[in-house]
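Going by TrEMBL, these are the annotated features:
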SIGNAL    1-16  signal peptide
TRANSMEM  42-61  transmembrane segment
TRANSMEM  97-117  transmembrane segment
TRANSMEM  129-149  transmembrane segment
TRANSMEM  155-178  transmembrane segment
TRANSMEM  199-225  transmembrane segment
TRANSMEM  237-255  transmembrane segment
TRANSMEM  267-285  transmembrane segment
TRANSMEM  317-335  transmembrane segment
Amino acid sequence: MGACLGVCSLLSCVSCLCGSAPCLLCGCCPSAKNSTVSRLLFTFFLFLGTLVSIIMIIPGVEKELHKLPGFCEGSGTVLGVQSHVDCRSFLGHKAVYRMGFAMAAFFCLFALLMVCVRSSKDPRAALQNGFWFFKFLVLVGITVGAFYIPDGVFTSVWFYFGVVGSFLFILIQLILLIDFAHSWSQRWLHNAGESSAKGWYAALCTVTFIFYAASIAAIALLYVYYTKPQGCTEGKALISINLILCLIVSVVSILPKIQEAQPHSGLLQASLITLYTIYVTWSALANVPTQSCNPTLLVRNSTSTGSATATELPTTWWDAPSIVGLVIFILCTLFI
């Protein structure tokens with residue numbers, strides 16, 4: 001009897017996985033909309049892929065990837081750049097490339113299937129809001145297949161896709177941050193106008209001051225740690241140009257013409273964008289391949305010289321800019 005009840009319960013769960021999105025909540029939130037829960041579940045898939053990518057570059061996992069065929073065959077490049085570094089030192093990154101390819105293929109597939117779908121009444125909307133068990137199987141199948149793609153030109157080609165995609169990703173994050181700061185400023189100014197309390201204005205000024213203070217401190221640290229009195233010209237130029245652009249954005253945000261067009265525009269938005277720009281600058285400087293200009297350079301074991309006396313330096317799989325970027329990515333995704 002217990003076995004029969006267990007089988008019935010399992011079948012009900014399977015049917016739920018094949019049904020509409022709110023059904024997955026198993027009655028906990030019966031009022032949830034299809035579109036809302038679908039967004040949450042697709043976001044979960046995105047976070048799941050990100051988590052798997054992070055796991056792939058953990059040294060213990062990375063060492064096991066050499067058992068998969070094709071990762072280091074037919075390619076004289078590492079991450080799209082000609083190099084004499086041992087390919088085995090970058091297996092984790094190559095695995096992340098394949099995971100990113102699988103995620104991109106999965107979401108592009110559903111983006112194409114949903115072209116011109118404007119409501120849940122469209123027959124194709126059932127593909128968007130249901131069949132989650134099969135969607136998960138499709139994602140797993142694409143991912144497994146991606147790991148058997150021979151290296152060849154795949155890494156080089158996907159490297160340039162990543163360059164373009166990361167550029168677009170930064171632009172989208174900027175737009176989301178501006179939207180977030182604008183909504184934040186508008187809400188606090190509205191509260192201040194309704195209650196006639198100066199506390200809201202004080203809070204707005206305090207947050208803006210904190211953002212600018214953090215930006216100034218970060219710029220000073222970038223000059224100290226990522227530049228030298230002699231040399232590191234590219235780093236100095238990058239920091240200085242972004243600093244000038246941030247000053248221009250801050251001045252433009254309070255011009256009368258801008259205030260007429262956007263009454264809620266102000267220094268809060270500019271301060272947040274300034275802080276994000278400094279983060280992007282830091283991320284770029286942290287990837288400069290010169291040890292003298294980048295004290296946080298990630299070091300990986302190299303067999304470029306083939307010398308037996310080569311120093312075995314510890315392999316590092318994460319850095320602070322990556323962690324901060326991951327947090328910003330998660331917050332922006334949740335904001336969407």
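Using the three backbone atoms N, Cα and C, a Cβ is placed for every residue, glycine included.
Just so it is clear, the model here is predicted, and its values are computed rather than measured.
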Contact between the transmembrane segment (267-285) and the transmembrane segment (129-149) (at least 3 Cβ pairs under 8 Å, separation 6+): no
Seg_contact(the transmembrane segment (42-61), the transmembrane segment (129-149)) with at least 3 CB pairs under 8 angstroms, min sep 6: yes
Close approaches to the transmembrane segment (97-117) from elsewhere in its chain (Cβ under 8 angstroms; 6 or more beyond its ends): 42, 45-46, 49, 52-53, 56, 79, 124-125, 127-128, 138-139, 142-143, 145-147, 149, 154-155, 158-159, 161-162, 165
Surrounding residues of the transmembrane segment (237-255) on its own chain - C-beta under 8 Å, 6+ positions past either end: 215, 219, 222-223, 226-227, 265-267, 269-271, 273-274, 277-278, 280-281, 284-285
